[in-house]
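So that you can see what the record holds, here are the features copied from TrEMBL:
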| type | residues | note |
| --- | --- | --- |
| DOMAIN | 28-219 | domain 'TLC' |
| TRANSMEM | 6-25 | transmembrane segment |
| TRANSMEM | 37-55 | transmembrane segment |
| TRANSMEM | 75-95 | transmembrane segment |
| TRANSMEM | 107-130 | transmembrane segment |
| TRANSMEM | 161-180 | transmembrane segment |
| TRANSMEM | 192-215 | transmembrane segment |
Amino acid sequence: MTSLILEVCASLIGWIAVYTMLCYLNGHRGYEWNCRLVTLFHGILVVCVTAYIGYVDGPWPFTHPGTENTPLQITVLILSLGYFIFDMGWCVYFGTEGAVMLAHHTLSMLGMVLVLWLGESGIEGCAVLFGSEITNPLLQVRWFLRQLGRYEGLLGDAVDMLFVTLFLAMRILLGGYMLYCELISPRPIPVVKAGGVAMYILSWVFMADIARFAYRKASTRYRCWLERHKL
């Protein structure tokens, strides 16, 4: 356990170092810009590694939940835990996120700590990371487009549409099936199953906000279309 704590601390220091380097090299962009670059890098990296774990290295998370953690699963969980600690600290310090996002970070960190401490259910942890982080790069791209003044238009609409579609498919539909497989399997312990339920409920909270946003944006686009055709 001591070695895991040291490795998580090393991961945290690594993410802080990346952020500090970006602030030094890219200081004119501001703290949030550089933090979001770190978030973008983490999202892409974790999605690629967890996709390899799920589809190549194995085991398949839908049929083998609760199995012993592999070295690669442990590595990616430690890497992500260090990142989430960094990002949570940054968000709290700068006050940029609301209660729902902070709850998501807290649940994610507790889940990774639990899986690392138990030495099992790493495949579910990696599957949740994959499903959660696959939409994250799109969120960062959307923010960067807004900062650069390029969000309004087809590119911004395409990013938003892809984000909503991926969130619904991965976090709600596939995530619901993943939770079902977790709950019916005799291998995962109850606390792991309870964590899965909590994360899925939080996904629905996010989904409700996303649905309201999508409705408002679609309504605005429709009104603009009507105005253009009236002219």
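Cβ from N, Cα, C; glycine included.
Caution: TrEMBL annotation is automatic and unverified by curators.
Tertiary proximity for the transmembrane segment (107-130) is limited to same-chain residues at least six positions away from its ends with a CB under 8 Å from its CB atoms, namely 1, 4, 46-47, 50-51, 53-54, 58-61, 64-70, 73-74, 76-78, 80-81, 84-85, 88, 170, 175, 178, 182, 188-189, 191-192, 195-196, 198-199, 202.
The recorded stretches the transmembrane segment (6-25) and the transmembrane segment (75-95) share 3+ CB pairs below 8 A when only pairs 6 or more apart in sequence are counted, and are therefore in contact. Residues of the same chain lying 6 or more positions beyond the ends of the transmembrane segment (75-95) and with a Cβ under 8 Å from any Cβ of it are 4, 7-16, 19, 31-32, 35, 38-39, 42, 45-46, 49-50, 53, 69, 101-102, 105-106, 108-109, 112-113, 115-116, 122, 125-126, 129. Proximity of distant same-chain residues to the transmembrane segment (192-215), defined by a Cβ-Cβ separation under 8 Å and at least 6 residues beyond the stretch ends, is recorded for 66, 100, 103-104, 107-108, 110-111, 114-115, 118, 121, 124, 128, 160, 163-164, 167-168, 171-172, 175-176, 178-179, 182-183.
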